[in-house]
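*Asks:* I have a structure I would like to understand better, so I am pasting it below and will then ask my questions one at a time.
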Amino acid sequence: MKNNKIYLLGACLLCAVTTFAQNVSLQPPPQQLIVQNKTIDLPAVYQLNGGEEANPHAVKVLKELLSGKQSSKKGMLISIGEKGDKSVRKYSRQIPDHKEGYYLSVNEKEIVLAGNDERGTYYALQTFAQLLKDGKLPEVEIKDYPSVRYRGVVEGFYGTPWSHQARLSQLKFYGKNKMNTYIYGPKDDPYHSAPNWRLPYPDKEAAQLQELVAVANENEVDFVWAIHPGQDIKWNKEDRDLLLAKFEKMYQLGVRSFAVFFDDISGEGTNPQKQAELLNYIDEKFAQVKPDINQLVMCPTEYNKSWSNPNGNYLTTLGDKLNPSIQIMWTGDRVISDITRDGISWINERIKRPAYIWWNFPVSDYVRDHLLLGPVYGNDTTIAKEMSGFVTNPMEHAESSKIAIYSVASYAWNPAKYDTWQTWKDAIRTILPSAAEELECFAMHNSDLGPNGHGYRREESMDIQPAAERFLKAFKEGKNYDKADFETLQYTFERMKESADILLMNTENKPLIVEITPWVHQFKLTAEMGEEVLKMVEGRNESYFLRKYNHVKALQQQMFYIDQTSNQNPYQPGVKTATRVIKPLIDRTFATVVKFFNQKFNAHLDATTDYMPHKMISNVEQIKNLPLQVKANRVLISPANEVVKWAAGNSVEIELDAIYPGENIQINFGKDAPCTWGRLEISTDGKEWKTVDLKQKESRLSAGLQKAPVKFVRFTNVSDEEQQVYLRQFVLTIEKK
């Protein structure tokens, strides 16, 4: 009997070891992976072969991972180096002949970490770090390399730039996940854009940039410093020399990769011939002269297909005139869009080179009241050879953005093996391992953007959507709903509450919790409201129903308070959560159950939820999908970040739900030039219109309404020409009844 127990114990241990060896999961997934059903222990004593010649950043990582003692004569042999080094010369044929490729082998005799170049060796170490678990390594042979040349992040969003500490954390995260590019281009950095792009950084900011460059180098990331001069650049020698001087100052700070952005501008800065001449001058007089410049990238003015003039030659001019080594960025068919084969073929044909993709996800600078924590999907997985780079534009919430960044790292390294859901789950487990299930629950219901000017949406709450739809349909029709669907919703709300509490108390990743806290509070209130609404549906008796009704109204008030006091940015202020499936389900169920109660008891309970009573109508393409917002007695159109092309005769109109005394209208088109092209009108019936005079101070337009009755407000381009403006502000203030 004793021998049988020993045999069973040994069999279990062998099974565990075999399972560990077989279930090797790596992110990003390698191009070629062979796993043996064996493991080895991390050596207690080892000989390091090639440590003095190999990439020092890789050697540093290796020594941090090894807990054993280094010896010159005994112990397991660990060979590390780059192709051509003596230490790994016999493995030259095994090393993939690709930039940043590597060969990794683990067996009982030797560990080999061999890169095609220094960065390849560093990436071999990142894979080695993932293989090492609890002091054990599976026997493997890996041949790996990236499918896309440049992979990373562009900090190119509008709003609050990342903090210095957040950027340092990001750069380390990129290195671990085999991303080689960080493009520094925050829209609100005054020394990146007009008018201060000509000026040097103050000492404090310069020192921080210098530290970022150093940390980027340690983690094998190209720090790409971008300049955004197009809004006020003069096409003359003086400005050209000032730009080159700024690049030289950044070079002295350690920067070795550069970008010039011409996005979201209007005026003479949009001239493609002049842009090409400037970039070529930078390339020939700066980038090619320096022996160590890595990347030179430009973002064009027409950076997506929908903004490209079909009758113009902007993109073809860049394709013909720009030096071949200069990369050209592209966001896809629209500002916010996924990358398709047809789309990338269209742009590559015009720019005569593979596009450098600027993917605008999970950026939320046009839906700042939402968190975008869902999976990365929608991009073609067969077009790696058609693009030179793939960088993601993140949220202003740096830590929260890592969920998508992790997934983009996996996609860009090996699109053919990219697994949307597995990568998303791995990302969450990497970012918050101690509460991965709770973060997954929160992220599952915080992935959609809500209605927005770009019309870009994401799936959300997919696991309960069928049950929610079936239940709501049956309940609204007065039919018996499926008990299993009802219980699914009950469990979902219970799990949401639990997850919220656990996340709020988590201390493992404090920066993440600080970022998401307002949304987590709102998430919990949403779940509590859902539970109470379901209890109203069960409707035991009149007094019980009224108790739950009063509680729901109190929860609505708490949610309104959070929405009005947290995340009060000037564009899309507030906190929205679970907006695609769960919140509409709760609101519609509440409205229906209150209607049934009122009919049964001849009552007049208010069934109002947070709906939008007013409407906005426009035939201006970039405005027509922008959501309306209500803040106290103000009705405002959500601002747009990009240049709005307002055709002659087109208009924007706000229709209120009733006639109100009007107080004033505030408009800002981001232009100091006199707004002689526009006409502002008000109406009570949408038929008879009264023109309202506008006063202008710099770019701000205002009109006092002196409590004139108003239900409709309309602004029209009455000129004969298209106007290019920025919709910074459009606010109607009324006197509430």
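Don't overthink the numbers, they just go from 1 along the chain as shown.
Any Cβ shown, glycine's included, is placed from N, Cα and C.
Not my notes, these are from Swiss-Prot:
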| type | residues | note |
| --- | --- | --- |
| ACT_SITE | Asp264 | active site, proton donor |
| BINDING | Gly156, Lys187, Asp263, Tyr303, Trp358, Trp359, Asn360, Asp365, Asn393 | protein binding site |
| DOMAIN | 149-416 | domain 'GH84' |
| REGION | 148-433 | region 'Catalytic domain' |
| SIGNAL | 1-21 | signal peptide |
*Asks:* Could you measure between Asn360 (protein binding site) and Asp264 (active site, proton donor) for me? Cα positions, answer in whole angstrom.
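*Replies:* Asn360 (protein binding site) to Asp264 (active site, proton donor), Cα-Cα distance: 14 Å.
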*Asks:* Write out the long-range same-chain contacts of Asn393 (protein binding site), meaning residues 6 or more apart in sequence whose Cβ is under 8 Å from its Cβ.
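*Replies:* Those within reach of Asn393 (protein binding site), by Cβ under 8 Å and sequence separation of 6 or more, are Val153, Val154, Glu155, Gly156, Phe157, Trp358, Trp359, Asn360, Phe361, Val363.
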*Asks:* Can you give me the same-chain residues 6 or more apart in sequence from Asp263 (protein binding site) with a CB-CB distance under 8 Å?
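*Replies:* Counting only residues 6 or more apart in sequence, the Cβ neighbours of Asp263 (protein binding site) under 8 Å are His228, Gly230, Cys299, Pro300, Thr301, Tyr303, Glu642.
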*Asks:* Show which residues of the chain containing Asp264 (active site, proton donor), separated from it by at least 6 in sequence, have their CB under 8 Å from its CB.
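*Replies:* Those within reach of Asp264 (active site, proton donor), by Cβ under 8 Å and sequence separation of 6 or more, are Asn641, Glu642, Val643.
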*Asks:* Once the chains shown are all counted, how many other Cβ atoms turn up within 10 Å of the Cβ of Asn360 (protein binding site)?
*Replies:* 26
*Asks:* Take the Cβ of Trp358 (protein binding site) and count every other Cβ within 10 Å, whichever protein chain it belongs to.
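*Replies:* 26, counting other Cβ atoms within 10 Å of Trp358 (protein binding site).
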*Asks:* Averaged across the domain 'GH84' (149-416), what pLDDT does the model get? Just tell me the whole number, please.
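*Replies:* Overall, the domain 'GH84' (149-416) comes to a mean pLDDT of 98.
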*Asks:* What whole-number value in Å do you get for the largest C-alpha pair distance within Gly156, Lys187, Asp263, Tyr303, Trp358, Trp359, Asn360, Asp365, Asn393, the residues recorded as binding protein?
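*Replies:* Max Cα-Cα spread across the protein binders: 18 Å.
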*Asks:* Within 10 Å of the Cβ of Gly156 (protein binding site), how many other Cβ atoms are there?
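*Replies:* 27, counting other Cβ atoms within 10 Å of Gly156 (protein binding site).
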